[in-house]
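Enquirer: After the structure tokens below, expect a handful of questions from me.
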Amino acid sequence: MTNIRKSHPLIKIINHSFIDLPAPSNISAWWNFGSLLGVCLMLQIITGLFLAMHYTADTTTAFSSVTHICRDVNYGWLIRYLHANGASMFFIFLYLHIGRGIYYGSFTFMETWNIGVLLLFAVMATAFMGYVLPWGQMSFWGATVITNLLSAIPYIGPNLVEWIWGGFSVDKATLTRFFAFHFILPFIITAMVMIHLLFLHETGSNNPSGLNSDSDKIPFHPYYTIKDILGLLFMVLTLMTLVLFSPDLLGDPDNYTPANPLNTPPHIKPEWYFLFAYAILRSIPNKLGGVLALVFSILILMLFPLLQMSKQRSMSFRPLSQCLLWVLVANLIILTWIGGQPVEHPFIMIGQLASVIYFSIILIFMPIISLMENKLLKW
């Protein structure tokens, strides 16, 4: 009699994906983030579901319903802060996961990489709409500013914005539809994650050397399940420390003031994980130019497979490319810092400089350095 794990139609799929999956023997802790992202997604869906049971998507009661969750619902404060800080963890892992993909050349799996970029867009859209739901000052003004960017689209822009708003300003209709989309998108993301994994399992995982590892595979379970559990423990420790000791560390105090269309906050800014893109948006004086730069700052990831000039896949043995990648990381940290600063001298200049450097590194310097390294190795 064959093992049910290998014969049952459904369990067989799980077996091939998480148990008997042949994995490279040398993948490092950088390969943990995929599973951590999966755990984050499940955590967000579960906590979000419980929050939705008590939340009301109406401009008059949204803010007070969130207050009610925190004060009156059993462990409501815990669920709410797990959800809010879980989003921050999600983005930390996303950025590390993408960074790993760039460093080790995982973007050569074109289908996996491109669906990953689409996943990033979907997660960003979900997070943005979720930030609007508590209906605080930053929720309202963030929604107004970001949706208003669409008015930069020639000809259809203004009509498009009013269509998204469901009226002539961000109001009840906007909040209701944002709640609907915020609820449905994580399930669409889950489906996209399955496609992401499907494409990945077509080729198998990459590894730190960037070489073909077909001759040296080990089963995913128990070797990498136990390794993923260690990563999970670190994640739980970090998240619970954040939630239980300083739950508002990454939030904005302005969001504890109910939304008021008649009073604009002095500094409108999104959550920390969008600040780098927000800085790029603000660094261009032209509205349409800024919007294009904002979209392209993420869309540029899709160009990585086309800009790969090196004969080696991974950066493990390419010190010049490594240096350049770390300059890019430092530049992104600077952009994140600038995005949270007021629009005044010297921050405007620093933001513009950092934006130019960001695009230059990816589009110009990385391919040139790769070609130089090929020459150094007489390739």
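Cβ coordinates come from backbone N, Cα and C, glycine included.
Per Swiss-Prot, heme b b562 binding site is recorded for HIS83, HIS182, and the stated evidence type is similarity to another entry. Taken from Swiss-Prot, the feature heme b b566 binding site applies to HIS97, HIS196, supported by similarity to another entry. Per Swiss-Prot, the feature ubiquinone binding site maps to HIS201. Annotated transmembrane segment per Swiss-Prot: 33-53, 77-98, 113-133, 178-198, 226-246, 288-308, 320-340, 347-367, in sequence order, evidence recorded as similarity to another entry.
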Enquirer: At a Cβ cut-off of 8 Å, and with pairs 6 or more apart in sequence only, do we get at least 3 pairs between the transmembrane segment (347-367) and the transmembrane segment (288-308), yes or no?
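Expert: When sequence-distant Cβ pairs are counted, the transmembrane segment (288-308) touches the transmembrane segment (347-367), since at least 3 lie under 8 Å.
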Enquirer: Over all shown protein chains, what is the count of other CB atoms within 10 A of the CB belonging to HIS97 (heme b b566 binding site)?
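Expert: That number is 19.
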Enquirer: Can you grab the distance from HIS83 (heme b b562 binding site) over to HIS97 (heme b b566 binding site)? Cα atoms, rounded to a whole Å.
Expert: 20
Enquirer: Among 33-53, 77-98, 113-133, 178-198, 226-246, point out the range having the most Cβ pairs under 8 angstroms from the transmembrane segment (288-308).
Expert: 113-133
Enquirer: Where, among 33-53, 77-98, 113-133, do we find the most CB pairs under 8 A to the transmembrane segment (226-246)?
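Expert: Stretch with the highest Cβ contact count: 77-98.
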Enquirer: Out of HIS83, HIS182, HIS196, HIS201, which of the binding-site residues has the smallest number of neighbouring Cβ atoms within 10 Å?
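Expert: Each of the binding-site residues HIS83, HIS182, HIS196, HIS201 was scored; lowest Cβ tally within 10 Å is HIS201.
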Enquirer: Near HIS182 (heme b b562 binding site) in space, meaning Cα within 10 angstroms, which of the binding-site residues do we find among HIS97, HIS196, HIS201?
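Expert: Matched binding-site residues: none.
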Enquirer: With Cβ-Cβ distances below 8 Å as the criterion, list the same-chain residues six or more beyond the ends of the transmembrane segment (77-98) that contact it, or say none.
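Expert: For the transmembrane segment (77-98), the nonlocal Cβ contacts are 30, 33-34, 36-37, 40-41, 43-44, 47-48, 50-51, 66, 69-71, 116, 120, 123, 127, 130, 235, 238-239, 242-243, 247, 250-251, 271-273, 301.
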Enquirer: Where HIS201 (ubiquinone binding site) and HIS97 (heme b b566 binding site) are concerned, what is their Cα separation in Å, rounded?
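Expert: With distance taken Cα to Cα, HIS97 (heme b b566 binding site) is 17 Å from HIS201 (ubiquinone binding site).
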Enquirer: What three-state secondary structure does DSSP assign to HIS196 (heme b b566 binding site)?
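Expert: Assignment for HIS196 (heme b b566 binding site) reads helix.
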Enquirer: For HIS97 (heme b b566 binding site), name the DSSP secondary structure in the helix/strand/coil scheme.
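Expert: Looking at the DSSP assignment, HIS97 (heme b b566 binding site) belongs to a helix.
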